[in-house]
Amino acid sequence: MNDQQIKEAFDLALELTKQCGPIVLEGFRNSTKDVASKGRHWDLVTEYDRRVEDVLIEGLKERFPDHRMLGEESASEANKKEALDQRPTWIIDPIDGTINFVRGVKFIAISVALVVDRQLKIGIIYNPCMDELYTAIAGQGTFLNGERVRVSGVDNLKGALIGHEISIASYPAARPHILGRGEELIKECTGLRAFGSAALTLAYISSGNVDGYCIEYLKPWDIAAGV
């Protein structure tokens, strides 16, 4: 894809992402939404996850029928494990931070990325609850609501605010490592934060609000738009 095609893809993805904002807000305010588990007690999905993913994938497929689509919910339901190749591939998390979404915590995000020839070209992270829209095209910087943002100048732990998802310790094999790491980090850094959304945490790093992130066991749709 050339630069013009990337820009056209970005414009469409941005339009579709904004269209999904009201769906997310509707679900956020709905205290009786249907919630299901995808196998583990903390791995949740709602009808709003599926609705947002459908809007994004259907809209992108209509314009780009030859592009691959990798969405969290459709991939989970089909138990897909696909390797990236040279084809343009959209990587989508319809609602990153579903537990927050279910419990009425505003740290949630729609996350959309485009990979071309195994290289990330587009990243969009949108939190409609806080009206935060992070956008990036490779080589052109990152923007928050249209304003250019940059990472912080913090280069050591002494002044750093670090994202650290302690809930990942629910994996028994990882528990000693994650809890031990948190104990060591808090001795050195300014503070630790667990936002419950990998996409948002990475967005906060891009804007200098957070300085680093420690987390394991992520899927492509959790991080693609943020890196």
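Each Cβ is built from the backbone N, Cα and C atoms, and glycine gets one as well.
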Write down the one residue from E62, E72 that TrEMBL lists together with I95, D96, D222 as binding Mg(2+) 1. E72
Lowest 10 Å Cβ neighbour count of the binding-site residues D96, D222 is held by D222
Among the binding-site residues E72, D93, the one whose Cβ has the most other Cβ atoms within 10 Å is D93
Set of same-chain residues at least 6 away whose C-beta sits under 8 angstroms from I95 (Mg(2+) 1 binding site): V24, G27, T46, Y48, D49, V52, F101, I108, A109, I110
Sorry to bug you, but what's the C-alpha spacing from D93 (Mg(2+) 2 binding site) to E72 (Mg(2+) 1 binding site), rounded to the closest Å? 5
